[in-house]
Amino acid sequence: MAEAVPFGAESLAGGRARAARRVLDQVVLPGEELLLPEQEDVEGPGGAGERPLRLNAGARSRLRVVCGPGLRRCGDRLLVTKCGRLRHKDPGSGSSGGVYWVDSQQKRYVPVKGDHVIGIVTAKSGDIFKVDVGGSEPASLSYLAFEGATKRNRPNVQVGDLIYGQFVVANKDMEPEMVCIDSCGRANGMGVIGHDGLLFKVTLGLIRKLLAPDCEIIQEVGRLYPLEIVFGMNGRIWVKAKTIQQTLILANILEACEHMTADQRKQIFARLAES
């Protein structure tokens with residue numbers, strides 16, 4: 001009787017370990033192990049001058065690499081956990097290897113520590129609010145996690161309110177925890193969002209595109225109508241304009257911008273400006 005061979009172990013030990021610099025902007029698959037170049041020439045599995053990234057190597061490794069979404073540390077290795085294109089951002093100093101992440105078009109949001117998100121209060125349990133952030137489970141929000149909140153001065157938060165906050169705890173083994181204050185105890189724009197306006201959901205890729213420093217879409221939209229807008233890294237956008245008609249127009253434009261070219265956007269904005 002033939003013995004079954006584990007596919008994952010055979011593929012990882014076989015031909016899946018690839019040099020990261022050779023697969024930049026190419027599709028990577030979950031389970032692949034990345035090989036990163038180091039300053040010293042070391043003969044490794046990837047050939048001369050390359051070996052698997054050793055995240056706990058201490059003084060032996062001269063490069064400090066930051067792992068972004070889609071990559072996971074497994075011991076002293078770096079594994080791909082999402083299907084997408086491998087991206088890299090050059091470091092600001094020579095002693096760093098930069099930032100590596102996987103750009104994917106996933107639909108479900110996975111909480112990440114430090115992300116600013118828009119949530120919906122679904123329940124109140126004692127001193128804790130349960131907030132729906134679009135993940136696999138709701139996040140917890142303490143009533144003391146607001147600026148100026150005390151046991152006597154509690155924030156006015158009701159079920160159904162929209163909350164803009166950030167994650168302070170987010171990992172696979174614990175319940176996500178949100179706060180509406182920064183490290184200095186200031187709200188800094190976070191807290192309960194107004195009852196007016198429109199909340200709609202877009203893809204996570206469009207959110208990253210709109211929040212990019214070189215994105216021109218928000219500037220073009222701002223010149224079209226005066227507006228208030230809030231972006232959540234969980235794929236939610238809250239927008240408010242002077243009238244309901246303008247609010248709906250802005251929401252439709254932002255949803256359609258993901259698949260538009262720059263020329264198509266200019267034509268639409270010019271048409272709206274004339275009307």
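Keep in mind that glycine also has a Cβ here, set from the backbone N, Cα and C atoms.
Nobody curates TrEMBL annotations by hand; they come from automatic prediction.
What TrEMBL records for 26-105 is domain 'Exosome complex component RRP40 N-terminal'. The domain 'K Homology' annotation in TrEMBL covers 197-244.
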Local confidence of the domain 'Exosome complex component RRP40 N-terminal' (26-105) - pLDDT mean: 69
DSSP-assigned states of the domain 'K Homology' (197-244) in counts, ordered helix, strand, coil: 16 helix, 16 strand, 16 coil
